[in-house]
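Engineer: Sharing a structure here in structure tokens format.
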Amino acid sequence: MILAVDIGNTTTEIGYIKDLDKIETLKFKTDHGKTIDDWLINFSFFLNFYNLDETNINKIYISSVVPQVEEKITKALEKLLNVNPLLIGTDVKVPLKINYENPSEVGADRILNAFASINILNPPLIAIDFGTAVTFDVVNKNSEYDGGLIFPGLESSVNCLFSKTAKLPKVKIEKPSNIVGKNTISSIQSGIYNGYISLVEGVISKIEDEYKCKFNIILTGGHGKIISESLNLQHVFEQYLPIKGIYFLDKY
């Protein structure tokens with residue numbers, strides 16, 4: 001059985017994969033202050049929550065964009081399961097040609113999303129991940145990673161607005177009932193939500209104009225589903241895209 005760990009800037013998702021139809025996950029806060037023992041407790045909770053036999057776990061893969069946390073998690077897993085985790089990008093290379101000026105700059109999460117996507121949809125395609133940052137990752141018709149775009153995430157935008165203004169409140173991100181807000185909270189919610197809908201549709205249109213072809217679109221990430229509900233273009237929402245990427249990588 002495979003244990004997959006996706007360490008993001010805000011949350012760390014732990015998942016076990018029996019097959020593509022059997023994926024179970026839990027998310028924990030990516031806290032730089034957590035100790036090795038704190039992470040050991042998180043992983044033990046995960047195993048107990050799903051009633052998993054730790055002796056059945058024979059492979060562990062880690063995708064990480066937070067090196068400081070990655071080191072602690074690696075040691076916690078070695079201590080708990082007596083298995084050496086494999087770090088994607090270092091111990092395991094993703095079989096994807098990267099057309100980037102400096103390929104080492106591309107985060108493991110972005111490459112993993114791109115690799116997972118070409119196992120789900122036909123290229124050319126765009127994988128869009130709505131996390132702490134919103135990332136667009138472009139795979140060309142030859143299944144090569146061409147690069148992408150990076151924006152502040154929805155939550156990051158709300159936090160910035162709240163911290164940089166005197167009177168604007170911090171609001172929950174949700175789909176507004178009307179485009180025009182009737183109070184401060186609904187105005188911010190509409191601005192964030194509808195602004196990102198327009199951002200996604202506009203950027204995709206510009207990419208398709210530049211490449212002179214249509215792209216398949218796949219969405220993932222914490223706010224991917226709520227954006228998916230109003231996106232006015234054909235697309236797929238895949239909740240477990242990074243975790244499935246690890247599955248496909250293991251089977252490659």
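The backbone N, Cα and C atoms fix where each Cβ goes, and this holds for glycine too.
Annotation source Swiss-Prot lists active site, proton acceptor at Asp109. Residues annotated as ATP binding site in Swiss-Prot, with sequence analysis given as evidence: Asp6, Ile7, Gly8, Asn9, Thr10, Thr11, Thr12, Glu13, Thr132. If you look up Swiss-Prot, you'll see Tyr100, Gly107, Ala108, Asp109, Arg110, Thr184 marked as substrate binding site. Sequence annotations record features per position, and here Swiss-Prot assigns K(+) binding site to Asp129 based on sequence analysis.
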Engineer: Where does the residue listed as 'active site, proton acceptor' sit in DSSP terms: helix, strand, or coil?
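Structural biologist: In three-state terms, the residue listed as 'active site, proton acceptor' counts as helix.
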Engineer: I want to verify one value. Collapsing DSSP to three states, which class is Thr12 (ATP binding site)?
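Structural biologist: Once the DSSP labels are grouped into three classes, Thr12 (ATP binding site) ends up as strand.
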Engineer: Of all the binding-site residues given, namely Gly8, Thr10, Thr12, Thr132, which is spatially nearest to Ala108 (substrate binding site) at the Cα level?
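Structural biologist: For Ala108 (substrate binding site), the spatially nearest of the binding-site residues is Gly8.
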Engineer: So, three-state DSSP: helix, strand or coil for Tyr100 (substrate binding site)?
Structural biologist: coil
Engineer: In the structure shown, with every protein chain counted, which of the binding-site residues Thr10, Thr12, Thr132, Thr184 has the densest set of Cβ atoms within 10 angstroms of its Cβ?
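Structural biologist: Of the binding-site residues Thr10, Thr12, Thr132, Thr184, the highest Cβ count within 10 Å belongs to Thr12.
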Engineer: What are the non-local neighbours of Asp6 (ATP binding site), defined as same-chain residues 6+ apart in sequence with CB under 8 A from its CB?
Structural biologist: Thr12, Glu13, Gly15, Ser63, Ser64, Asp109, Pro242, Ile243, Ile246
Engineer: To the nearest Å, how far is the Cα of the residue listed as 'K(+) binding site' from the Cα of Tyr100 (substrate binding site)?
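Structural biologist: Cα-Cα distance, the residue listed as 'K(+) binding site' to Tyr100 (substrate binding site): 19 Å.
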Engineer: Measuring Cα to Cα, how many angstrom lie between Gly107 (substrate binding site) and Gly8 (ATP binding site)?
Structural biologist: 10
